[in-house]
């Protein structure tokens, strides 16, 4: 699997698109808003920002969320500017980054014809992997990234023994768990090294990563949602609808870290100070437009399955082909509903606010 080419959320605006099924991601951005506001406020109140404010959203995806975070950041700065009595807005440079397969066209079609901020705002698309350099040195003042850094640059090497699974699970050999962790360490270190060159001294980063509280890498806190998809695929293997060999070669390029693991990589790389780190949670039932659940477990399970389909379909399509898609997601939906009827399932988020050290 060539992750750079295959990994992207389902584009367009159809029923199963990411644009129509990214409500939980929007709520996570809202949950982290106090941390993001505190970081941008501290940045703008100091002497790092003068006439230009460069903000990058890494892993912006498409749909309504692509502009949500940066819009909120600009609003915060404008409110603060007026309170501080500063006459002129900074010129805003906004960089929206994702892998080349992202639906950037949809983002730019959604832009307002005229800026609705007092200052000048320049918006740029930046296709490419954030596991590499994206910007010149000392370009950025603020980086935001939400629900992106759990994706790895590649499927870990040496996990051929992960048969019957598509991700980390309690049935995985220890070697598989170790391989996933090693890939996370390599990727996260590279991410931090690249950003250290691109962010100005005193600049800020707020990163929200799908993760876990537990130090158990195979904890259901982070792995259950993929285990249920593996069960749906294995049902189809047992019925002869999917080749077992093909199933055994499919693995999700993702690692959901604990706060301890994230902190360890930041301290090891050494270019950023940790201003704040915490874990939060959000229930699966929040995969609705209003985010309050409140429907039947069947409705909630259906919404979770659609949210996950918008994320996972491009990966499945590339490996298994189109013929299995409707069947596997129908089975997946039923398994999700069954699990949600028995327990309050939730996602764990690791949120970290960082300050670029002076060289």
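Yeah, the Cβs are placed from backbone N, Cα and C, and that goes for glycine too.
A C-beta separation below 8 Å, combined with a sequence spacing of at least six in one chain, links residue 148 (S-adenosyl-L-methionine binding site) to 58, 59, 61, 130, 209. The substrate binding site annotation in Swiss-Prot covers 18, 21, 22, 23, 24, 25, 147, 148, 149, 150, 151, 255.
Marked as S-adenosyl-L-methionine binding site by Swiss-Prot: 18, 59-61, 65, 96-99, 129-131, 146-148. Following the DSSP three-state reduction, the secondary structure of residue 130 (S-adenosyl-L-methionine binding site) is coil. For residue 130 (S-adenosyl-L-methionine binding site), the Cβ neighbour count at a 10 Å cut-off comes to 24, with all displayed protein chains included.
If you look up Swiss-Prot, you'll see 162, 248, 250, 251 marked as Mg(2+) binding site. Listed in sequence order, the residues of the same chain lying 6 or more apart from residue 251 (Mg(2+) binding site) and placing their CB within less than 8 Å of its CB are 155, 156, 159, 162, 165, 166, 167.
Looking only at Cα atoms, residue 151 (substrate binding site) sits nearest to 60 among the binding-site residues 60, 65, 248. Most Cβ neighbours within 10 Å, among the binding-site residues 99, 149: 149 holds that distinction in the structure as shown.
Sequence-distant neighbours of residue 250 (Mg(2+) binding site) (same chain, 6+ residues apart, CB-CB distance under 8 A): 166, 233, 316, 319, 320.
The DSSP secondary structure for residue 248 (Mg(2+) binding site) is helix. The Cβ centroid of 162, 248, 250, 251 marks the Mg(2+) site; residues of that chain outside this set whose Cβ lies within 8 Å of it are 159, 163, 165, 166, 247, 249, given in sequence order. Comparing the Cα of residue 65 (S-adenosyl-L-methionine binding site) with the Cα of every entry in 147, 149, 248, these being the binding-site residues, the smallest distance points to 147.
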